[in-house]
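The structure appears below as structure tokens.
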Amino acid sequence: MAESTDGQTLRLIERLQHVSTGNTSGDGKDTNDGESSNADGINIWQTAVSILGICAGLGFLAVDVLVVSTGWVGFLLFGLLYAALLYTSIILGRCWNMVRAKWGSERHPYGAIGQEAFGDWARGVVNILVAVACFNDGTVFLMGFTEMILTIGGPALEGTLCYWPPVFGVIICPFLWLATPKNFWLVLAGGFFAIILSVILVIMSIFVAGESMSRGTSDTTKGAHYEESDFLHLAEIAGTVFWLMGQHSVIPTLQQDMQQPQGFTKAIIIADLLTLFLALPMMLVLFIIFGNTLTNVTGTAIVFDLLPVDALKKVAALLILVNLAGGILLMNNPLFQYLEEVLNIPTDFSWKRVVLRSSVLLGQIFVTETLPQFTLLSSISGGFLTPILSFLVPCLCYLRLRKIYQEVPSKFSTLETVVCVIIIGATPCLIGAILFGTGTSIIRGETTFTVPCYVNATQARL
């Protein structure tokens, strides 16, 4: 306890020493060279690739189908949410630039932003939300791995759902011991290139499915079509877009590892534009090939449900596995660093890090074996945790920190305030709509709870 208190005291002294030396306006210009760069960090392009490696993945396959199924209204909602999430990513990066001169050595920077804006209570709340969101999203990535394995194996792997999360855990566990994003960005880069190839193969497979439909010999997976209201469609789009793009819980951690943290705005814009560049062609092809036949899909449907069972589909699923490997590394890292600081585990590699991070992974595997239901957990994350961390907290913190650190308001200050207020007001409405959609799906049996794997491994199912 004394060590923890001493550590807090040293950080407070360091904050006071830096407050008068660094530029904390958040404008991307730093007058203190010692605070402006991290020589062994990742550059702007590496950061962009890392972000894209987690955004453009499994969520892609669901959101594209949902958007196309709702027509122009779905495209409009997707565009608005996408733009809003990009904006809140940018202002969250600005928040870290304002406070990093005083909190540069912090191991859970999102919490530091909350504390600087609203005090100790905000730090605690933000840290807990980030920890729960990261744990939940890591669990969803494990479930996504299982779903892709079953897609590759097909009927031959029927009844093996429960065996794959531990297998993936054994494979990925040693990589989780790597310290911070700058130590495993190559894995994220591999996921980036894998998802590009996967999108190309999926588009090719969509054209193959279209030819099969025109000949009346379509072999697409059955069960992707259900009657559902437009409101539920839109709620599912919102939840999936949040889960796809709302990875704000990892943004401060990733930005902290940059050579030039003040260049984060460029990195996030590059990443989001590349993600959009990958998403739009797939949406366009889906619209051209399937058109009005997608009017009744639900949030449980993904692009693979519409594709013929062929080599293109299986290789695309295999490539997504590579993407998921990088995603689980980055999504878990803020949680790891938070727990390591709470438990006074040193930043250098040690057996304590191995035990802690392996234990967290075991916990995620246990949850996966208890709730073998991808859609349910992703809906909870996308419907509650992510909107708070991606919409509400960035806007509140930015408005507060801007008052503290910006002596002269920018010319866009009024516009930024209006946008933030709109986003803050919309957040509870979005949370309510998404959770209502999730609850409706559960009641209708589309996300039915199945028995835990350790009760009956063959009866548990997606």
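Glycine residues also receive a Cβ, built from the backbone N, Cα and C atoms like all the rest.
Per TrEMBL, domain 'Amino acid transporter transmembrane' is recorded for 41-427. Annotation source TrEMBL lists transmembrane segment at 44-68, 75-93, 128-149, 161-179, 185-209, 267-291, 311-333, 380-401, 413-436.
Of the recorded ranges 128-149, 161-179, 185-209, 311-333, 413-436, the transmembrane segment (75-93) has the largest number of C-beta contacts under 8 angstroms with 413-436.
Most Cβ pairs within less than 8 Å of the transmembrane segment (311-333), among stretches 161-179, 185-209, 267-291, 413-436, belong to 185-209.
Residues 142-143, 145-146, 149-150, 187, 325, 328-329, 332, 336, 347, 349, 353-354, 357-358, 361-362, 364-365, 368-369, 372, 453-454, 457, 460-462 of the same chain sit 6 or more residues outside the transmembrane segment (161-179) yet have a Cβ under 8 Å from a Cβ within it. Tertiary neighbourhood of the transmembrane segment (413-436): same-chain residues 84, 87-88, 91, 231, 234-236, 238-239, 242, 379, 382-384, 387-388, 391-392, 395-396, 398-399, 402, 406, selected by CB-CB distance under 8 Å and a gap of 6+ residues from either end. The stretch from 44-68, 128-149, 185-209 that makes the most Cβ contacts under 8 Å with the transmembrane segment (267-291) is 44-68. Residues 57-58, 108, 110-111, 157, 161, 164-165, 168-169, 243, 249-250, 317-318, 320-321, 324, 327-328, 331-335, 338-339, 360-361, 363-365, 367-368, 372-374, 377-378, 380-381, 385-386, 388-389, 393, 462 of the same chain sit 6 or more residues outside the transmembrane segment (128-149) yet have a Cβ under 8 Å from a Cβ within it.
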